[in-house]
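Data first, discussion second: the structure below is written as structure tokens.
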Amino acid sequence: MRNAIIQGLFYGSLTFGIWTALLFIYLHHNHVSSWQKKSQEPLSAWSPGKKVHQQIIYGSEQIPKPHVIVKRTDEDKAKSMLGTDFNHTNPELHKELLKYGFNVIISRSLGIEREVPDTRSKMCLQKHYPARLPTASIVICFYNEECNALFQTMSSVTNLTPHYFLEEIILVDDMSKVDDLKEKLDYHLETFRGKVKIIRNKKREGLIRARLIGASHASGDVLVFLDSHCEVNRVWLEPLLHAIAKDPKMVVCPLIDVIDDRTLEYKPSPLVRGTFDWNLQFKWDNVFSYEMDGPEGSTKPIRSPAMSGGIFAIRRHYFNEIGQYDKDMDFWGRENLELSLRIWMCGGQLFIIPCSRVGHISKKQTGKPSTIISAMTHNYLRLVHVWLDEYKEQFFLRKPGLKYVTYGNIRERVELRKRLGCKSFQWYLDNVFPELEASVNSL
């Protein structure tokens, strides 16, 4: 009897101990899971009354990924990545190439979302960005853009941009004539959950004034201008916002990867900087090796004499302060160089941020309409007469036929230059782009 009692007490204690241990494990697991869930929630950017010391790290496992990936066959992947499907005798393909400047057939087969290779340096994966950064308004202007390409641009932005940094996407339709960009576009914008505003111009304004219209409707701290046929890459926005947060007068561009116009293959860009020649033709130049010296290596921001203009970020108040775009320039062309000179000569800085990557379709040029050629000439001359000082003669030596062409009233822009206390073009050559002065005698 006594043995039975002792045995019962022993097994009872053992059972109690087991249940106690299981209860402890259960409670501990719930506590850890709850803490992990909370710790993964991003801190609201610029939220009032919060002191933020925590940093968000975007490594290879923490990069936001598209919520839907279009499934494709191996054949489709081969077509898009290797370009093996390009049929030079396909009349439909040539018709679309002439209309849109790139291979629309492959674009449509990809759907509106796809994964692109992460082309950043491995050192970029170790970069830390604060949880508290400025918010961004993305401005995308379009005119008769292929509908799927526009959706690919918007989808890549919404899928690969943290929602707490994305204030809004502002679409500016510059009076497109394509039916798909009317009711169909309005219908599909519902999928972007209210983050997208669309402005429809009542007359054709051209890219420059369309961007000014978009910027006037923005409410984010930073304006990010994107072309309507690009795809942003992973962790593309944070490096741009971080640079601007450190220096409000810094204007920044991503490193622009190439999306082939015929195969839509996404190709990484080498480290480059934007420059131009005395014909005012923009071009990409290699970066000097000594500029990449130091602990940051290939992730170091690249000092750039000029920007290509299609994709860049600038603090909204600074954009207004330095005079936005020259609103009397027409359509597009050379507004990028005018803004680049103004940034450098009027107290700002222009950098390319290698850890930010955006792919851009290099559309096939099939000849410019006479209206665009006329607009570019007009824009050339406004830039030359406002910003080049005595060096404008270098331009006219190469383009003598433009010396007596009219270019409108530039008084407002000349007064802006005086009001901002801008430096001379000689200063720009001495301090920003000495290689251009060295080429003075090369015609």
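Backbone N, Cα and C atoms are what each Cβ position is placed from, and that goes for glycine too.
Annotation comment: Swiss-Prot describes 1-4 as topological domain 'Cytoplasmic'. Among the features that Swiss-Prot reports, transmembrane segment is placed at 5-27. Taken from Swiss-Prot, the feature N-linked glycosylation site covers Asn87. What Swiss-Prot lists as region 'Catalytic subdomain A' is 133-243. Swiss-Prot lists Asp174, Arg204, Ser228, Trp332 with the feature substrate binding site. Among the features that Swiss-Prot reports, Mn(2+) binding site is placed at Asp227, His229, His360, with the record citing similarity to another entry. Sequence annotations record features per position, and here Swiss-Prot assigns region 'Catalytic subdomain B' to 301-363.
Taking the features listed in Swiss-Prot, we show where each one sits on the structure.
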residue : record                 : contacts (Cβ under 8 Å, 6+ apart)
Asp174  : substrate binding site : Cys141, Phe142, Tyr143, Asn201, Arg204, Glu205, Gly206, Leu207, Ala210
Asp227  : Mn(2+) binding site    : Ile140, Thr153, Gly310, Ile311, His360
Ser228  : substrate binding site : Ile140, Cys141, Phe142, Glu145, Ala149, Leu150, Thr153
His229  : Mn(2+) binding site    : Phe102, Glu145, Glu146, Ala149, Leu150, Gln152, Thr153, Ile259, His360, Ile361, Lys363
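Within 8 Å of the centroid of the Cβ atoms of Asp174, Arg204, Ser228, Trp332, where the record puts substrate, the same chain has further Cβ atoms from Cys141, Phe142, Tyr143, Val172, Glu205, Gly206, Leu207, Ala210, Phe331. Those same-chain residues not listed among Asp227, His229, His360 yet with C-beta within 8 angstroms of the centroid of the Mn(2+) site C-beta atoms are Thr153, Leu226, Ser228, Cys230, Ile259, Gly310, Ile311, Ile361, Lys363. The binding-site residues examined here are Arg204, His360; by Cβ neighbour count within 10 Å, the least packed of them is Arg204.
Shown for the region 'Catalytic subdomain A' (133-243): DSSP residue counts in helix, strand and coil, namely 43 helix, 28 strand, 40 coil. Overall, the recorded substrate-binding residues Asp174, Arg204, Ser228, Trp332 cover a maximum inter-Cα distance of 17 Å. DSSP labels the residues of the region 'Catalytic subdomain B' (301-363) in these numbers: 17 helix, 20 strand, 26 coil.
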